[in-house]
Amino acid sequence: MSSISSPFSAAQVVGAGNYIIYRVSGLIAQTLFFGAYTILIFLSTRMLLQRGLKARTNKVMFAITLFMYLLSSTYWVYSILDIVDRMRVYIHAPTSRLAIDFAGDHDSITKWSPPFNAIVLINYVLSDGVVVWRAWVICLRSHRKWLWIPIIFLVLTALSVASTIVFRIVAFIVSPINDLPKGSPLRDGIDTLQVVNVGLSLVCNLSSTAVVGVTAWRHRQRIREAFAEKKGSRTDHVLALIVESGLLYCMSAIISIVTSFFHLPEGTIGDLYVPISIQIAGAYPSLVLLLVNMKHSLNETTVFDTSQSTKLNSTRDPSRVEVDMSMRFARNPTVSVGSAGIDEDMDMDEERRVNNNFRRLPQ
């Protein structure tokens, strides 16, 4: 009985098997995050539809979040097809008489992976744009001059992503099947842009989150100066959640950069994390919408736990709920009677400014 000769050595077969395991593990992790993303998009879409799409801001956010989800969904479906095709090639490899580089060479299905990986980076730009816009709306006018820093980095991120897409398309035209040779200017440019994309996005998000953080800190300080017993308003809690979620999103970008320097037998750990970060980038705007909606839902509460619980008239403007609640707290005994009224007026103005800024967000 004659045996079928194979052009692959035992080491090559083992290496290809490990590569398949890496890719399958990455797909499983991506699927978990995509599932969480699906829940967030369902909740945020339902919230927007319930509140209506008459406002232009709601229409824009609805279109952006839906487009990002469709792009992420298409990317996830293609990731499944890519893995299935690579497993098929691996299974039939022992009977093939052609030498195949499992990690580098492509076929009619996997050849679309590089350009697709570049196009889906649009989610980074859109997510960063939502972050900057959110910071612009929430922060006080006196702080908006600092937002030109994230705006500049947002533009640079968009240019970097556009360059990555162009480079990937050119590489696809030049060599659709075989991987680009190491040391080629086109490959080095793509590798550099991939790190630059994440780095610029990180700076954009850090600076935007910092501005929102300063707004939250100043708001809390003004409330505490006027009302010593007030531990924190609902606006404080929502602002804190927005800042914390922004920091977590920045942490995702840091992980992407750090893991790109840890090499595996085939590729890097960053290659496994990129699909996850894409799903996180897509889900972040939906998370922001839900956090802002939490603020509006809390403002609709009609009973407060004060020294004398008072029901509010349902016809009153719900945006003034927190202001009225703030006025029920006792004055700071360390503040003189003459200055207490001024502090309360300043607190009311501060509360109104932040509440008015929240009302400009989708609700």
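Quick reminder: no glycine exception, Cβ is built from N, Cα and C everywhere.
Straight from TrEMBL, the features:
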type	residues	note
TRANSMEM	20-48	transmembrane segment
TRANSMEM	60-78	transmembrane segment
TRANSMEM	116-136	transmembrane segment
TRANSMEM	148-174	transmembrane segment
TRANSMEM	194-217	transmembrane segment
TRANSMEM	238-260	transmembrane segment
TRANSMEM	272-292	transmembrane segment
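With respect to Cβ pairs under 8 Å, the transmembrane segment (272-292) is most closely packed against 20-48, considering the stretches 20-48, 60-78, 148-174, 194-217, 238-260.
Same-chain neighbours of the transmembrane segment (194-217): 121, 124, 128, 131-132, 134-135, 138-140, 143, 146-147, 149-150, 153-154, 156-157, 160-161, 164, 236, 239-240, 242-243, 246-247, 249-250, 253-254, 256-257, 260, 277, 354, counting only residues six or more beyond its ends whose CB sits under 8 Å from a CB of the stretch.
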